[in-house]
Structure formats: structure tokens, C-alpha cells
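**Student:** So Swiss-Prot lists the following for this protein:
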MOD_RES   1  N-acetylmethionine
REPEAT    159-199  repeat 'WD 1'
REPEAT    209-249  repeat 'WD 2'
REPEAT    253-293  repeat 'WD 3'
REPEAT    297-337  repeat 'WD 4'
REGION    337-362  region 'Disordered'
MOD_RES   347  phosphoserine
COMPBIAS  349-362  compositional bias 'Basic and acidic residues'
REPEAT    372-412  repeat 'WD 5'
């Protein structure tokens, strides 16, 4: 049973931001944000035609700065949020230096400007052109197509809170609630007036020694979407969005910086985390003294971990060892004994076989290691339309689309 070959798409700029178009459940579509210091940055809308195994694309200009994080509305296909760098420079006048002398004053201004220019990571909500919400039929090498621009809906004002790390949407919501992490602040926003206005509804701050900063966060799809998990330094924390109070804390979750985390979509107390200690850990938030399971398959920092939205035993990780690993964590999944069918559907002969099968949990294992990348893999994510397909993005701008091996797919389904 031969598997389909991976499909590779190359961006002309470096990139680290990737998201599926979450509200799109029919077409396979991903959004990729670039990081260029010299040129206008872009968002590439990537459509994957799985029948013909080809990629179609459209390009949107993102002129405000290099993109560090991108996320898509769960309710509106045309709405997305980005975190991006903006540089604020100090402007001084020669006249203010009086008798210092023109050449000395110019040197002073040059030094002051270079040292006082401030880079702030901001966040904004955007709308793509209406005709691009549902995809494209252009080929990847169609250079005649002109890039279109995004419509700015609103800024998330972070002038009082610091650098934005990420923006996450309420997973089951109407696209009106988002959370942003800015330095040591967690900020809950209400989007009003068709997302053209962001009102800060509530906030909380990390308290402690040193300069505490959030690195990532995820909104739990469970508990009526009232819980968010965050990572800062080596610590994982859970928050109740109704009171913005801390509900659990996993100190020293990793030996080094925690890079990412994700919730199991089918088991409400389970989450996965990854970090600079090269490990992926799985946690039960009811008992945080030690992880339920630990994976040590990567040889460098693990930047991303993602549960499959439908089959939670499938876990994707991406690392700066340039590899993507697909693991089968069936023993801690919602179906540890495999796919079980109703007794009424089993014949006597099949009954004996199913009893044999269900005596002990299936074994966890690495399904596949994907090595199509040649640079650090900063993002991996599952398609929101096809549970057997995923994308990975490396810093050199290479986007790779892969599928779960057919043999495993049929094993899970049958």
C-alpha cells in the first residue's frame, strides 16, 4: 500500500507562522506568514488539491512588519490575527545640540537612534478580500498574479502591556472572543462591531521574581471554553477565563524553556507540552506532580506540538533538528484499546477476536519521521478539513504537506 509523496511549496522569504483556515471544513487550506526585514511581508493562502496532489496559492501583503504568529477565526473564514514586529525610532533635531557642533551632533543622533530604536511586537485582526476566503485556482508558479492587501479590522492595543507573543481564539465560539499574551500579561478581548473594535474585557498578570514572559498559550475546547493554558519559562499554568485566576501550575514542566502546548481534543484534563530540553510531555492537569508520558525523539529544541483534532492518539511535533515526527500515543488516548464496536455488531466468531484484542492497551510508537526540511521546523499543524493531512513549515520558507500513512489510517478506522 503505497503512500502519496509529500508536496512541497517554497516561499521566497523566511517564515515561521502557520495556521489552518480554521473555519473552513471542506477545502484543505493553510495560511503562512513571512519574516522579511528588507521587503514587504506576505501571507500566503495555500490551497491543497488532494485529488491532483497540487498546491494553488494566493498572496496577501502584510506591510506592517515581519510575522511571528498567525491564527485564524474559528467562525469566519475571512478573518485572521497576526503578531508582528514594529520598529519605533527616536527622532532628534540638530538644532537642539547648540554649540556641540554639527558633526558631533550628527554622530550623537546616529548613536542615539540606533540604541533607542525600539522593536515592539504588536497584534492586529485582519480581513482578507472576499474573493479569497474560499480559495484560489492559481498555480504556484503564476508570477503574473499581483498580491492583494489585507483590510485592517482593529489593533489589539498593547502599549501598556509589552510585546505580544500570540493571539488565540475561543475554539468553539463565534469569533468574538480572543486572548492575547503580552510579556507577563494575559488579556481577554471582546471583538465588537464586526471585529472592527477590540475591547479589553479582563486581564491578569504573572507575579514573581525576574522578568516573567509568556511564550505560548492555548484555549481549551473543554469546560465550556472557560480555561486557557499558558507557558512561561519552564512553567505551565491554567487560567479560568471567567475570573482570570490561576487554577493549576506545573512548575519545572521542562528542564528548559517551554515552547508550545496543546490540549487533547477528546480528553478534557490532558495536554501536551514541548520545549528546549528536546522533550514532549503529556500531562493530566488533575495530578501535575509528574507527566503521564514523555517522548524524547528529537535532538534539538521542539517548537511545536499538535494533537489531531479527531484521532487524539496522533500527535505531531516539529523541531529545529529539521525533522517532523508523527507519534501514535494510543495508550493515553481516548481509545487506548483501539476502535471498539458495539456488541450488537459483532458476530460470535468476531467476538473472540475482539476479546483478545481488548485485553491490553495498544503500544505507543513513532509512526513516521519526516525529513523533507533542511532548516529548523518552527510550525506544524493539522488540516481543519482533512484529519489525515498536515503541514509543516521551516524557517527557509519551505512548506511541506504530508499525510498519515494509509496503513495506519485504515487500522484506526477499521
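Glycine too: its Cβ is placed from the backbone N, Cα and C atoms.
For each feature listed, report its degree of burial, its nearest neighbours and the pertinent distances within the displayed model.
**Tutor:** Per DSSP, the secondary structure of the repeat 'WD 1' (159-199) breaks down as 0 helix, 23 strand, 18 coil.
Cβ atoms under 8 Å from those of the repeat 'WD 2' (209-249) belong to residues 162-163, 165-166, 168-173, 179, 181-186, 188, 202-203, 255-263, 265, 268, 271, 273, 275, 283, 285, 288 of the same chain, restricted to positions at least 6 beyond its ends.
If one looks beyond the repeat 'WD 3' (253-293) by at least 6 residues along the same chain, the residues whose Cβ comes under 8 Å of a Cβ in the stretch are 215-218, 220-223, 229, 231-236, 238, 299-310, 312, 315, 317, 319, 327, 329, 331-334, 364.
Remark: secondary structure over the repeat 'WD 4' (297-337) totals 3 helix, 17 strand, 21 coil, with classes taken from DSSP.
Mean pLDDT for the repeat 'WD 5' (372-412) in this predicted model: 97.
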**Student:** Within the same chain, where does the repeat 'WD 1' (159-199) have neighbours whose Cβ lies under 8 angstroms from its own Cβ atoms, ignoring anything closer than 6 residues to its ends? I mean 6 or more beyond.
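**Tutor:** Residues 22-23, 69, 71-76, 79, 81-83, 120-123, 125, 127, 153, 205-206, 211-221, 225, 228, 230, 232, 239, 241, 244.
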